[in-house]
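Here the structure is laid out as structure tokens; the discussion comes afterwards.
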């Protein structure tokens, strides 16, 4: 429960769009934005790292002010390629450079993508390739 509360507290400080790691997603133990000098510079992901925003729905928050200032922005339920819904939405309201990293510069997993099925870690690399050590 502590990590859930910590994530909620951090969401409250979102000025525009904030991001953080998500555990048990994309066939990996976690996926996360890669942060250097307080800015998102890439994505540690197991699937389609070439996406403009290679992030899970559970890995970002949007300020209400941003939603209100972009009334034509929509989250497409249909019409997006598989796995592109997040990118298609976020491209309408922000840029990667404007993202606000949370969770200690995206080095702590505070949110898990859970289902009522066995976890699939098919995309987990054979050798740990991330530049930070994250406990999941």
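Cβ atoms are placed via backbone N, Cα and C, with glycine included.
All annotation found in TrEMBL is predicted automatically rather than curated by experts.
A quick note: this is a predicted structure, and the numbers were derived from the prediction, not measured.
Feature annotations, reproduced from TrEMBL:
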type     : residues : note
SITE     : 31       : site 'Interaction with galactose moiety of substrate glycoprotein'
ACT_SITE : 86       : active site, proton donor/acceptor
CARBOHYD : 105      : N-linked glycosylation site
SITE     : 123      : site 'Interaction with galactose moiety of substrate glycoprotein'
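TrEMBL feature annotations superimposed on the structure.
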residue: 31; record: site 'Interaction with galactose moiety of substrate glycoprotein'; Cβ neighbours (10 Å): 27
residue: 86; record: active site, proton donor/acceptor; Cβ neighbours (10 Å): 20
residue: 105; record: N-linked glycosylation site; Cβ neighbours (10 Å): 18
residue: 123; record: site 'Interaction with galactose moiety of substrate glycoprotein'; Cβ neighbours (10 Å): 14
Integer Cα-Cα distance in angstrom, residue 123 (site 'Interaction with galactose moiety of substrate glycoprotein') to residue 105 (N-linked glycosylation site):
23
Whole-number Å only: compute the distance from the Cα of residue 86 (active site, proton donor/acceptor) to the Cα of residue 105 (N-linked glycosylation site).
20
